[in-house]
Amino acid sequence: MVKHIWDSERAAQLPKGVEELVYRSNLIGSDRTVCNWGGGNTSMKTTEKDFRGREIEVMWVKGSGSDLATMKAHNFSGLKLDDIRPLIKRDQMPDEEMVDYLSHCMIDSKHPRPSIETLLHAFLPYKHVDHTHPDAIISICCADNGKQIAEDIYGNRFVWVPYVRPGFTLSKMIAEGVANNPHAELVLMEKHGLVTWGETSETCYQKTISIIQEAEQYINDRINQHEVFGGKRYQPLPEDKRKQILAGIMPVIRGAVSEEKKMILSYDDHDDVLEFVNSVQAPALSQIGAACPDHLVHTKRVPLYIDWNPETQDVHKLADLIKSGVETFTSEYQAYFTRNQQDGDQIFESAPRVILIPGIGMVNTGKSYAMSKVSGALYRRAIAVMKGATALGQFVSLHENESYHVEYWPLELYKLTLAPPEAEFSRKVALITGGAGGIGSAACRRFAAEGGHVIVADLNIEGAQKIAGEINDAYGKGRAMAVKMDVTKEEDVQSAFERAALAYGGIDIVVNNAGLATSSPFDETSLKEWNLNMNVLGTGYFLVAREAFKQMKHQNRGGSMVFVGSKNSVYAGKNASAYSSVKALETHLARCIAAEGGEFGIRVNSVLPDAVLQGSAIWGSSWREERAAAYGIEPDQLEEHYRKRTALLVNIYPEDIAEAIAFFASSKAEKTTGCMITVDGGVPAAFTR
């Protein structure tokens with residue numbers, strides 16, 4: 001049940017004007033059962049002074065593409081009402097003309113483009129107006145007997161408006177319906193949503209919430225009298241079993257849905273999702289259509305339902321069904337586009353955004369983790385709507401042609417243009433070992449800065465969490481995650497890749513960077529020291545690369561590995577035989593994997609740094625003293641010593657190595673594998689030959 005959370009004390013402290021609207025909007029948007037992500041809109045009418053100092057009536061309305069839950073004052077657009085109100089006398093107004101007209105009504109050209117539904121707010125005579133998409137209300141609006149149900153709940157207090165796409169015509173229909181019903185307190189838009197109003201921001205909010213609560217109570221009473229979704233077809237698998245299966249199957253799904261463009265995945269196994277996917281009605285009900293027009297751009301018209309029996313069929317069968325299911329969905333989506341397209345339309349990715357798997361839950365796809373979560377959140381709202389609608393009558397949706405025209409509607413697509421452009425590592429996932437160290441953290445930041453999703457793997461979990469937290473703060477929740485990994489432990493490495501699969505669907509880039517270093521004259525090198533170097537830098541690189549290779553093969557979309565070697569990979573360092581030997585091993589292992597990985601599109605290259613002291617745990621250890629002693633200098637003279645021995649007379653920093661790593665991982669090096677790059681300022685003894 002939605003809750004009334006208006007705080008009168010806080011509201012009283014707000015400046016009069018737009019901040020009141022911001023507060024109300026944030027409250028409404030904070031409950032996704034009331035308002036979809038990015039959907040709905042709010043408004044208020046005020047008196048302002050124009051640039052001449054004259055008082056004019058202004059309507060503040062949500063700007064297109066913003067989200068009620070998080071929007072601020074600058075996300076609203078102010079429009080001159082005296083310029084808008086005369087439009088109601090017109091008989092029609094095409095979308096393009098409406099958008100152009102409203103641009104001339106804005107009090108400030110720097111304001112965002114006003115909402116598609118601006119006229120709906122302007123044509124109603126009330127000071128405050130809310131348009132929302134509550135689950136309970138849409139359940140009524142998407143029931144075949146919805147109008148009758150509305151009469152049972154609201155009597156003569158509502159206006160029912162048949163489905164019309166948002167714009168001038170719908171706005172005029174709503175205004176006329178309200179004007180013709182003196183008892184009207186709300187508008188129900190068929191297959192769409194709710195409109196409410198009030199003379200103060202608080203009374204408008206109260207009306208929105210109370211109207212929804214009435215619907216919820218009515219629907220809950222009916223749900224309790226029915227077998228939800230026709231009853232259970234399957235039992236959900238135990239949680240640990242679900243995760244075990246998903247860890248192996250997510251890369252298969254990711255590969256299947258990434259035929260055209262790479263996708264980031266997320267999964268959802270909330271109780272409401274499991275109730276739906278395991279139900280008798282799910283196979284048919286899920287294919288009827290979208291529960292709300294606002295869902296279409298993010299969920300497509302229907303999900304992919306995998307008809308897998310979790311009680312009798314194995315994971316291999318599930319993988320086969322996913323591959324064939326995605327292939328069928330893709331061809332059907334392309335046919336859907338062809339049947340309905342208009343001049344200028346460009347097809348989206350054909351792969352499903354929502355995949356329903358009995359016993360397991362829901363997998364969602366998107367260009368980023370955030371957008372895959374949006375698809376999932378919206379489909380959970382669709383499940384709630386279908387649950388309510390089927391308790392009232394039959395669930396109905398838009399016809400195919402109208403669904404298409406909403407999905408490809410220029411006014412809806414405009415919102416997508418407001419997102420930042422994709423960068424080099426957008427849609428990709430990079431796992432970096434030693435990610436909390438100097439080079440590792442620089443690589444993590446470099447990938448994130450160009451759109452990548454980053455898994456910061458390190459034995460130092462606190463350091464890894466710090467780096468991941470910084471990335472999420474800078475680029476958004478879900479862009480990075482930290483995993484504890486001891487690269488010498490097979491179970492740690494396998495667990496990290498399983499977590500990568502569960503979090504994002506798999507990996508595209510792996511940077512083998514975890515390291516240490518020791519220094520001893522050869523005849524004083526102990527077996528313990530030798531094994532330590534071999535375990536971390538040899539076995540560790542092998543284990544990480546092997547698990548990466550497996551996951552990349554399962555995805556069947558190629559991939560890139562970058563080994564961080566050393567100048568010592570090609571140069572025999574004095575008093576460092578164990579370290580230098582295993583660094584040579586690393587680069588040859590990289591070449592061996594490159595030779596095997598080519599047929600799968602898996603590239604493997606190496607970056608050979610030298611003397612990267614900044615932020616390095618290695619150089620903060622006894623290694624600094626040991627190397628200084630080897631050169632007969634003081635530890636604090638080491639950095640200058642290294643600079644002077646380079647041909648370019650430069651110091652090398654973590655960001656320099658990160659740049660080379662990024663190059664090998666990028667499309668710029670898509671035809672390069674088995675290669676090495678030295679980033680050492682030019683140490684003649686380490687010139688590759």
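For all residues, glycine too, the Cβ spot is worked out from N, Cα and C.
Listed in sequence order, ALA517, THR518, SER519, ASN533, LEU537, SER566, ASN568, GLY573 are the same-chain residues six or more apart from TYR579 (active site, proton acceptor) with CB atoms under 8 A from its CB. Sequence annotations record features per position, and here Swiss-Prot assigns active site, proton acceptor to TYR579.
According to Swiss-Prot, the substrate binding site annotation covers SER566, on the basis of similarity to another entry. In the three-state DSSP scheme, SER566 (substrate binding site) falls into the coil class.
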Take the Cβ of SER566 (substrate binding site) and count every other Cβ within 10 Å, whichever protein chain it belongs to.
29
